[in-house]
Amino acid sequence: MGLIGEELKIDFVISTGDNFYEDGLTGVDDPAFFESFTNIYTAPSLQKQWYCVLGNHDYRGDAEAQLNPILTKKDSRWLCLRSFIVNAEIVEFFFVDTTPFVNEYFINPGDHTYDWKGVSPRENYLANLLKDVDSALGSSTAKWKIVVGHHTILSAGHHGITDELLKQLVPILQKHNVDAYINGHDHCMEHISSSHSKIQFLTSGGGSKAWRGDIRKMNPEELKLYYDGQGFMSVQITDTNAIFVSMIFLAMFCINGAYLKRALICIEIPEFSTASARST
């Protein structure tokens, strides 16, 4: 990741959530912040601004700790908010807090405890969030509009489709001609081009717990890329082109399961190699 960052001279890094496993941070002094962030991403090219959203695992800890500016004082790269906008001139990134949309976390949390401080009452929180997303997208004049959230909307991976987002968020994204939705949650690298939407759905969730070996049935005309392994994604955007490349790690094992080697393979997503996605 550091080598690719150096080669591309990246401007910033995006984290699609589940920043700290298994159960987020216990507070602003949790050593996991250094162990899983500061001391991991040490390459010179990664000493850039990081924009992070919360995932469901983050909500299992002290969610507000990740939003606390104290962490930014500990490591100036860190910025995590529930929902926010990054204006990069020709492109705007709209970060959306997707965890509160998922009914299961409220109705059937199982053995997990979620930190809903700042979210309750849920109905008001979601209504205001959807209103803000609608307003922000509507007022944007950016050439490219990209929405980032933790949860999948469409996916052939372990978690599959998130019905709540499909019903509540997607109509707003379609209304405002959003070009792409980038998410994590499923531990894979994936690209879906739906026949029902101009939005390109991109999963970059290959940071950990990969190689699960499960894939859901999906129309092969729509499932453009699926890799059930580790990786990350690069994005290069100009006024006329948006190039998304999935960087996948190909692990090789011998017959007795011993690790042999790992190679990095770059796969360009063709739909974004030209300005064919949308012109304004």
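Cβ atoms here come from the backbone N, Cα and C positions, even for glycine.
On a predicted model such as this, the values are computed, not experimentally measured, just so you know.
Per TrEMBL, the feature Fe cation 2 binding site maps to Asp18, Asn56, His150, His185. Around His185 (Fe cation 2 binding site), the C-beta neighbours below 8 angstroms that are at least 6 residues distant in the chain are Thr16, Gly17, Asp18, Gly55, Asn56, His150, His151, Thr152, Ser155, His159, Thr203, Gly205.
The 10 Å shell around the Cβ of His187 (Fe cation 1 binding site) contains 22 further Cβ atoms across the protein chains shown. For Asp18, Tyr21, His187, the entry in TrEMBL reads Fe cation 1 binding site.
Taken as a whole, the domain 'Calcineurin-like phosphoesterase' (5-188) shows an average pLDDT of 97 in this prediction. Residues or ranges marked as domain 'Calcineurin-like phosphoesterase' by TrEMBL: 5-188.
Residues or ranges marked as transmembrane segment in TrEMBL: 242-260.
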Other same-chain residues whose Cβ falls within 8 Å of the Cβ centroid of Asp18, Tyr21, His187, the recorded Fe cation 1 site, in sequence order:
Gly55, His57, Gly184, Gly205, Gly207, Ser208, Lys209
Using other CB atoms within 10 angstroms as the count, which residue among the binding-site residues Tyr21, Asn56 scores least?
Tyr21
